[in-house]
Amino acid sequence: MPSSQKIEEVLKYIKDNSPGQDEFYQAAQEVLYSLSPLLNQDPKYLEHNILERIVVPERSIIFRVTWLDDAGKVQTNVGYRVQFNSTIGPYKGGLRFHPTVSLGTVKFLGFEQIFKNALTGLQIGGAKGGSNFNPKGKSDNEIMKFCQAFMTELYNHIGKHKDVPAGDIGVGAREIGYLFGQYKRLTGEFEGVLTGKGLDWGGSKARKEATGYGSVYFAENFLNAYGKSLKGKRCCVSGSGNVAIYTIEKLYEMGAIPVSCSDSKGTIYHEDGIDIKSLKSIKEIHHASLEEYAYLDCACTYTPVSKYPEGGHAVWHIPCDIAFPSATQNELTLNDAKALKMNGCILVNEGANMPTMPDALEFIQESGILFSPGKAANAGGVATSQLEMSQNASMAQWSFEEVDIKLRTIMQNIFKTAYETSKEFDCEGDLVTGANIAGFRKVANSMIEQGAV
Ligand code: NDP
Ligand code: 2IT
């Protein structure tokens, strides 16, 4: 059977069997279509029915999470852990707490994670989890209660050699602490079952910074391959969470000028460059809205989401050389991509998972803007999580510089792998194809070697 027919068959299977999981379908469509050149070249993947196997999670765990709020009322949420693929290592991937989380969200993220983790060159399988719990407006006590209830259901399914969750949207150091404390209480084991831990109890230095720093290292590698660099470039960053903050910090270190950030309520444009100290204070310490930034004594503008016309986001309409979408999925529309092109943007570097909509991605690729797919550009976070697992296994703690040097090397290797693979398949610089084929090939070959399991 021709590979194009098999791809359509598998996509139809997903559509028929995963109704309403649009984000998962979108992620699968992007990956499967880009595999065509590999599938045409080597028939073994179709002979071993790899496509049919790889789009079905090995295990999906769905559970009720009930917890007591501050008023003494029982609240109910849904928890998920999708253990997608353990061929090349224990399941690894973050937990997301956000009201929009559904099984489809967790499946899209878990599917992407398989190939991302393979690209790091490390032994980690793909998984993702989370809940439709909304941390906003909750007291510290409520966050703790929720995390404890969530872990009470999850702990039986995870372990240092089995499945090692970490943070994602809405899950940072505080939540990892509460989750870890409850795991220890339930099992009596102090083990590296989560990453992103506190530095005094098994966390790795530079894990907090890793996704943002890694994203910037990736962009620099990509630009260097075309005789360019970040130095002096004006950069638009979206989001103002973990990934966005450390992207902005590293951009300054590389001599670039990050001029924007955003949250779910609005966008800040600061022409002279975002004040990183104030941003950290507003977001990491006070957990406040970015509107606070607009009250600082500086020449910046704040555009509330409600003031922005349909079909686009203010942040992508600010003139820039490079765009770093670092908030959430499908945040960059076709309208936004056109504005980026018109303003002379030369690279879109995905810090978030799947932030670019399919039609926007098509436009970007056709218009000659360089494009770094998230599964390559944001892999520094999970790679450093694996470094945390290594340190836990040997009871060691490496210095910040040691971890940062390893992170730089890993990002350079991910870039090289994706770039060389794009050349191998006659589409030099198309890192969507390069990253998808390189990640898939490693996992698929291992699946074949491990037989019908
Ligand atoms: P955070 O929770 O720290 O920050 C998320 C940011 O994105 C916030 O500014 C938030 O605004 C904004 N945001 C989230 N959801 C929405 C939405 N639906 N609409 C508009 N804005 C939104 O998360 P991270 O920085 O950790 O994650 C950002 C992205 O990076 C995600 O796609 C995540 O999957 C990806 N990623 C994260 C890694 C990590 O190590 N943390 C690793 C690799 C990828 P507000 O606060 O107003 O909600
Ligand atoms: O999307 C991701 O790669 C993450 N949220 C980090 C996962 C991890 O295990 O560190």
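In case you wondered, yes, glycine gets a Cβ from its N, Cα and C as well.
What TrEMBL says about a protein is an automatic prediction, not a curated fact.
All protein chains considered, the CB of LYS128 (active site, proton donor) has 31 other CB atoms within 10 Å. Residues annotated as active site, proton donor in TrEMBL: LYS128.
The substrate binding site annotation in TrEMBL covers LYS92, GLN113, LYS116, GLY167, SER385. Taken residue by residue with DSSP, LYS92 (substrate binding site) is part of a strand.
There are 30 other Cβ atoms within 10 Å of the Cβ belonging to THR211 (NAD(+) binding site). The NAD(+) binding site annotation in TrEMBL covers THR211, ASN242.
Neighbour density for ASP168 (site 'Important for catalysis'): within 10 A of its CB lie 26 other CB atoms from the protein chains shown. Here TrEMBL flags ASP168 as site 'Important for catalysis'.
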| Pairwise Cα distance for GLN113 (substrate binding site)/ASP168 (site 'Important for catalysis') [Å, integer] | 12
| task | Indicate whether GLY167 (substrate binding site) is helix, strand or coil by DSSP. | result | coil
| request: Take the C-alpha atoms of LYS128 (active site, proton donor) and SER385 (substrate binding site) and report the distance between them in angstrom, rounded. | output: 14
| said: Given LYS116, GLY167, ASP168, THR211, ASN242 as the recorded positions, which ones have a Cβ positioned under 6 Å from some atom of ligand 1? | reply: GLY167, ASP168, THR211, ASN242
| note | Spatial neighbours of ASP168 (site 'Important for catalysis') among the binding-site residues LYS92, LYS116, ASN242, SER385, using Cα within 10 Å, are ASN242
| note | Surrounding the recorded substrate site, with Cβ no more than 8 Å from the Cβ centroid of LYS92, GLN113, LYS116, GLY167, SER385 and those residues left out, we find GLY93, GLY94, ASN117, ILE124, ALA127, LYS128, ALA166, THR195, GLY381, VAL382
